[in-house]
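See structure below.
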Amino acid sequence: MATINQLVRQPRKRIVEKSDVPALQNCPQRRGVCTRVYTTTPKKPNSALRKVCRVRLTNGFEVSSYIGGEGHNLQEHSVVLIRGGRVKDLPGVRYHTVRGSLDTSGVKGRNQGRSKYGTKKPK
């Protein structure tokens, strides 16, 4: 236990919380340009081909971003919006692309959970 005198001379240090999404720089989303669109395999015990894109953000960061939903229209030089949110079985992927904004289309034929995939209400 520190004495009052010690605390007067040198106060207690605050614990600095480290951000999970440093590239967003305290913004809710960021815009960027796809530099590479590819598929990758998840960690054990899962098995799939997960759709991922490398994005160069407007603030200069280059990050990997997961493309959720079935099917997408992204290619190199597509402009995308990314949000935070990691993919647990893909190491190094800490961001999600926002479906239905900028160059990213919504998921076709989606009827439930549409707001998460940028799909309009069917008529």
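Heads up, the Cβ atoms here are built off N, Cα and C, so glycines get one too.
According to Swiss-Prot, the feature compositional bias 'Basic residues' maps to 111-123. Summarising the annotation, Swiss-Prot assigns 3-methylthioaspartic acid to Asp89 and lists similarity to another entry as the type of evidence. According to Swiss-Prot, the feature region 'Disordered' maps to 100-123.
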Counting across all protein chains present, how many other Cβ atoms fall within 10 Å of the Cβ of Asp89 (3-methylthioaspartic acid)?
15
Based on DSSP, name the secondary structure state of the residue listed as '3-methylthioaspartic acid': helix, strand or coil.
coil
